[in-house]
Amino acid sequence: MSQEIWADVLGYVRKNISEVEYHTWFAPLKNLGVQDGSLVLGVRNSFAQEWLRKQYQGLLEDALRSLGAQHPQVSFQVLPASQDALLLPSDPPPAPISPGRAPAPPPADNRKTLNPKYTFENFVVGPNNNLAHAAALAVAESPGKAYNPLFIYGDVGLGKTHLMHAVGHYIAERFPEKRIEYVSTETFTNELINAIREDKTTQFRNRYRSVDLLLVDDIQFLAGKERTQEEFFHTFNALYENHKQIILSSDRPPKDIQTLEGRLRSRFEWGLITDIQSPEFETRVAILKMNAEHNRIDIPQEVLELIARQVTTNIRELEGALMRVVAFSSLNNVPFSRAVASKALSNVFAPQEVKVEMMDVLRQVASHFNMPPDVIRGSGRVREVVVPRQVAQYLIRDLTDHSLPEIGQFFGRDHSTVMHAISKVTEQLGKDSELTAAVETLRRKMKGLEDEDSRA
């Protein structure tokens, strides 16, 4: 593929994503041409290869389609190390060491301050955090070059610390010679106080000013601490001038941190400021699923969904709720169920009305009638398929706020067909004992009052 066409592809992509995403994932790509009818793009590593394939292959194919390609195909190829180096910006020249600066200590274990549980591999990406994740990965790929400093803010328990440690692990893996230091602002302050008291400020400064990556959590606690702000200001300058990467986290953006010196606030805004929001339902379910798999817990999808609907605040509470349900099930020797989960969480989280979605109903009906959901939504007209379809449409109308046209669209039918199905089920209730029992059982399940495996 010519570079002109490739430039058009990138132009299309750039219009449809954020600048952070573009510079993180697309700017480094290498056009390797067309092979066997597929556009082949060179990437840095297998992580980027898999991420691009999952997240952006469709966008690239749309770009090719917009340029006239009939059946566009895109593949990603990991480049050899020698070619990979061509994708990264060259290292900036190191700043001269100031006269009298103490020599850096010899390299130590560069992961000693990192939590081994927090890596990119077990960080669940969703719409609430995709930009922060992309920025963190860009920094990990090119420390000191991409965004410096990287400032991540958001409420407690949303994954800021996880991302910071993930960057540390990634850099430690790729650059074992790099010195990495993670510290909370409270610890930094306490260590400074001790250093002043014991006349060890030189050692303190050398420790934090000789690192290649400095990760500082809860930087908002610098507010009001004049001596700590003064020390951190000079630490920041020393690292920045030597092109060392700085990542900061906070519960608010720099402009909202009261009693923070203006010179620090302006420096915090030099790089990229990105936030993490509370995860939406699908991301919460994915987080629970990953946590359960990591701990080798076999728990039904519907139970995970109930927990995700019940706990909407932050990830820590979400994971805590999962462990509470697991403990409740184990201690009471009862299998996992929606009812068990509701009871386990009832004394901790305020009960919330569970919002039932159309797919929830379809899934339950499919399970009850032992039939794939796609078959129920399909065009089959035999009684074995029609009855479950009518029951699903009846329950969706009964348990959700969706209109007849919306239900019809979900099933690929018009609203009059749905109206007929609902009337048919309504007419048979009380007459057909088998149908009545099925509807009542499914209704109780959807309200979380009964589970197909057990009852609490």
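Each Cβ is built from the backbone N, Cα and C atoms, and glycine gets one as well.
These come from Swiss-Prot:
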BINDING   Gly157, Gly159, Lys160, Thr161  ATP binding site
COMPBIAS  90-108  compositional bias 'Pro residues'
REGION    1-79  region 'Domain I, interacts with DnaA modulators'
REGION    79-112  region 'Domain II'
REGION    89-112  region 'Disordered'
REGION    113-329  region 'Domain III, AAA+ region'
REGION    330-456  region 'Domain IV, binds dsDNA'
Inset, instruction - Show, in sequence order, which residues other than Gly157, Gly159, Lys160, Thr161 on the same chain lie with their Cβ within 8 Å of the centre of the Cβ atoms of the ATP site. - result: Gly154, Val156, Leu158, His162, Leu163, Ser249, Ile276, Ile315, Arg316
Legend entry - Cβ-based isolation winner (fewest other Cβ atoms within 10 Å) among the binding-site residues Gly157, Gly159: Gly157
Inset, instruction - Output the one of Lys160, Thr161 that, of all these binding-site residues, has the highest number of other Cβ atoms within 10 Å of its Cβ. - result: Lys160
Inset, instruction - Tell me whether Lys160 (ATP binding site) sits in a helix, a strand or coil according to DSSP. - result: helix
Legend entry - Counts of helix, strand and coil residues, the region 'Domain I, interacts with DnaA modulators' (1-79), according to DSSP: 42 helix, 17 strand, 20 coil
Inset, instruction - For the region 'Domain IV, binds dsDNA' (330-456), jot down how many residues DSSP puts in helix, in strand and in coil. - result: 78 helix, 0 strand, 49 coil
